[in-house]
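Per Swiss-Prot, these features apply:
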type     : residues : note
TOPO_DOM : 1-16     : topological domain 'Cytoplasmic'
TRANSMEM : 17-37    : transmembrane segment
TOPO_DOM : 38-48    : topological domain 'Lumenal'
TRANSMEM : 49-69    : transmembrane segment
TOPO_DOM : 70-133   : topological domain 'Cytoplasmic'
COMPBIAS : 90-100   : compositional bias 'Basic and acidic residues'
COMPBIAS : 124-133  : compositional bias 'Polar residues'
CROSSLNK : 125      : ubiquitin cross-link
């Protein structure tokens, strides 16, 4: 059983690349905005961000372009959809089960501190004694 579990784990973590992804990755090394434009479109947020990165700094534009190609790959989307179909459902509805308040609420900024009520309020400026001249 452990062997089947290991093989299933290896299969889930593998990522195969197709020829379009490979071509866009190579293109991303030389002209990163073109690779992002081919995947996302001309006036998309990622394309404009990559163009800005390309004009200011070349290396981050390459990393961003490779990330966009990886995230939008058809092979990756197929793998993720298959993973979600076989994964057990987890109830993570936080509104249905709100967290209990275990700590007391801190006082608001406009409230006076009752513990230090006998101490006169002072500003943070240094006070010069009136005896000095």
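Glycine is treated like the rest: Cβ placed from N, Cα and C.
Non-local neighbours of the topological domain 'Lumenal' (38-48) in the same chain are 24, 27, 64, 68-69, 72; each lies 6+ residues outside the stretch with a CB under 8 Å from one of its CB atoms. Here the topological domain 'Lumenal' (38-48) has, by DSSP, the following mix of helix, strand and coil residues: 7 helix, 0 strand, 4 coil.
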